[in-house]
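Working notes for the structure below.
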Amino acid sequence: MASDDLSTGTSSWRFTRRGLVRIVGAGGVAAALGGAVAACSGDGGGSGDSGSGASGGAGGDAADPVAIVTNLPEGDEPVAVDTQVQVEAQNGTLSGVALTTADGAEVAGEMREGGISWAAGSLLDPGASYTLTVQATGDGGDTSTERSFTTVDLSLDELTYPSIAPLADEEVGVGMPVVVRFDLAVTDHATYEQHMRVTSEPAQEGSWHWFDDHEVRWRPREYWQPGTAVTVDVDVKSLPAGGGIYGQESRTVAFTIGRSVIHRVDATTHTLTSVVDGATARTMPISAGKPGFETRSGIKVIMEKFREKTMDAATTGIEPGDPDYYNIEDVQYALRVTTSGEFLHAAPWSAGSQGVANVSHGCVGMATDDARWVFENSRRGDVVEVTGTDRQMTLENGWGDWNATPEAYAEGSAL
């Protein structure tokens with residue numbers, strides 16, 4: 001049977017909206033920022049004090065005083081959240097920089113060019129207060145400055161939250177894509193993709209693919225290697241998404257790849273063969289989709305697991321009164337593999353056709369004992385490969401990411 005009900009199962013993930021960009025290349029801050037700078041010359045250390053090294057040699061001119069330049073705008077107007085605070089010392093070097101929040105937490109940053117400049121390691125939080133304290137020293141003396149400022153406040157209607165699958169510390173199958181979904185549209189795909197990264201041990205090459213302005217996914221060229229440790233960094237806090245929307249927060253999720261489980265469904269022989277770590281573990285008779293409701297051929301990935309599931313044909317467009325309408329409660333051991341409503345599940349009502357004929361509305365049905373075994377030996381991200389029908393699986397129908405060559409998949413990248 002089939003169902004298009006997207007209610008959450010035991011392994012599904014939920015979107016919420018509660019709330020570091022990579023450091024850009026170094027360079028002259030003052031030059032890069034044009035007129036948007038604030039400077040202060042030495043107010044400490046006594047630039048005219050010969051003990052501070054302020055005076056030149058016999059007959060020489062006094063050394064130029066050290067000055068501190070920042071990219072914070074002058075005045076009391078709130079600072080834009082996508083500002084990466086930068087500081088530069090002119091005629092000297094920075095001896096100390098601290099950017100702190102209202103509760104005293106220090107924002108990480110990096111000294112550059114041997115202490116000539118400093119840059120914050122992240123953008124700013126909306127509606128927040130900060131204090132920037134800077135000390136600098138040079139031949140013309142020492143100087144320091146302190147500047148307090150606030151940032152532009154943003155509502156949740158201006159902040160997009162990234163939900164990530166898999167979940168933190170989840171163990172998933174070798175076919176699991178990385179799924180990042182934004183609750184508000186991201187139209188600047190290229191900028192956001194530059195601030196998202198997937199790393200793994202052992203390393204495996206892969207690519208991002210944008211499906212729309214809300215969802216982007218990443219998959220390796222081949223199925224994951226079992227035992228791989230994967231880390232996903234979505235570094236988008238306060239990053240402009242386009243259309244006046246900003247990233248709500250940055251997130252990091254780490255997960256692992258479990259053993260290799262590939263379920264191979266042959267609709268012509270009416271069998272399902274489960275291959276675990278390269279060895280056939282079990283072969284079972286099944287019944288796939290009947291004419292007009294053919295099970296899609298291609299590569300699918302288990303998205304959700306349900307110990308019991310109500311399957312109502314109305315969710316797939318078949319209304320009550322239609323000869324093909326059904327509404328079955330408590331379908332056991334259901335594994336979702338498409339968003340259009342295909343599952344692997346127990347189907348005791350079709351026992352006489354299993355191994356003989358295809359009689360379902362698109363799902364793969366099997367005996368209850370076989371369905372229990374498949375359910376207990378499967379996890380989210382395990383692969384279901386279907387052959388034997390003329391109806392093809394697509395990338396967009398669930399996690400159909402494997403139904404494209406690596407090269408074709410990479411064409412969905414914004415970079």
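From the backbone N, Cα and C atoms, a Cβ is placed for every residue, glycine too.
Per TrEMBL, the features are as follows:
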- H345: active site, proton donor/acceptor (ACT_SITE)
- C363: active site, nucleophile (ACT_SITE)
- 42-60: compositional bias 'Gly residues' (COMPBIAS)
- 261-387: domain 'L,D-TPase catalytic' (DOMAIN)
- 42-62: region 'Disordered' (REGION)
Under the DSSP assignment, what numbers of helix, strand and coil residues are found in the domain 'L,D-TPase catalytic' (261-387)?
16 helix, 59 strand, 52 coil
Within 10 Å of the Cβ of H345 (active site, proton donor/acceptor), how many other Cβ atoms are there?
28
In whole Å, note down how far the CA of H345 (active site, proton donor/acceptor) lies from the CA of C363 (active site, nucleophile).
8
